[in-house]
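The following features are taken from TrEMBL:
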- 25-46: transmembrane segment (TRANSMEM)
- 39-287: domain 'G-protein coupled receptors family 1 profile' (DOMAIN)
- 58-77: transmembrane segment (TRANSMEM)
- 97-118: transmembrane segment (TRANSMEM)
- 139-160: transmembrane segment (TRANSMEM)
- 202-224: transmembrane segment (TRANSMEM)
- 236-258: transmembrane segment (TRANSMEM)
- 270-289: transmembrane segment (TRANSMEM)
Amino acid sequence: MRNLTRLPEFILLGLSSRPEDQKPLFALFLIMYLVTLLGNLLIILVIRSDSQLQNPMYFFLSILSFADICYTTVIVPKMLVNFLSDTKTIFYAECLAQMYFFLVFGNMDSYLLAAMAIDRYVAICNPFHYVTVMNHKRCMLLVIFSIVFSCLHSLLHVLMVNRLTFCASNVIHHFFCDVNPVLKLACSSTSVNEVVAMTEGLASVMAPFACIVISYLRIFIAVLNIPSAAGKHKAFSTCSSHLTVVTLFYGSISYVYFQPLSKYTVKDRIATIIYTVLTSMLNPFIYSLRNKDMKRGLEKLISKIKSEMDRLSTTTINKIHGP
């Protein structure tokens, strides 16, 4: 028996232990990570560069894109290194740090999705007071609350994991330091951790989800009262992208976490990919492909980049050939 607080090292088993799977998985997740970075950075640049996109919905979307970049960066780079490594180790302190930031940005995603649902509710159900209700100060307060609460929530769970002792096996049956797989390695009792996870943890996840459900129930009732079919379609189209992301995110989270610790299996690793990597990668496509404003903003950004490149090339040519 060995105490991992004295030998601070875990081994991340990953998605597959077969050597022949490592390089294909490395290539797949590298592409997904690069697409996630490029797509979300592009969303942020489009929103920041277009004055017509300076409203609460796109403000929340830009923060969500930033959180998604951080969310995947906490997990995927270490995952990619382990695909090409024989040891696949992670230090105890590094594991707790990864767990902390994973929980921070995961909870931020959850609360930002709730803020976006509130924004859609006010825009559809109370359009005449939209500017005053969703003012910049209130939007900033929602973002600050999501950050502060996420940090405190994550700190609680990481401190509770840190008080445990670990012995015998140091192999984490996952591709990153998630709470449940780490708890399964503990020698000391994890009953307090499980109680906190099923009370405070459940409340922190269900509170924004309940906010989203209530907002969309009110939206659905308001849309049904719109007399024209075109008006109904327009109202629903503004919510479809957000609803798609909410379904992917909360569907996979509920499958993984709303079950006893003893039932945590390899299927949960696959489900975890949906809300940690896949949703973050798909968000830019979901929010931009069916959004005319985002398409227009993207076209304007591309034209600005082209014109700037043309100007720089012309300047360079003039410098080479002289006046």
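Just so you know, glycine gets a Cβ as well, placed from its N, Cα and C.
Between the transmembrane segment (270-289) and the transmembrane segment (139-160) there are fewer than 3 Cβ pairs closer than 8 Å, counting only residues 6 or more apart in sequence, so the two stretches are not in contact. Beyond the ends of the transmembrane segment (202-224), by six or more residues, the same chain brings 107, 110-111, 113-114, 117-118, 120-121, 124-125, 149, 153, 232, 235-236, 239, 243, 246, 250, 253, 257-258 to within a C-beta distance below 8 angstroms of the stretch. Of the candidate ranges 25-46, 58-77, 139-160, 236-258, 139-160 contributes the most Cβ pairs within a distance under 8 Å of the transmembrane segment (97-118). Looking at the domain 'G-protein coupled receptors family 1 profile' (39-287) alone, the prediction's average pLDDT is 86.
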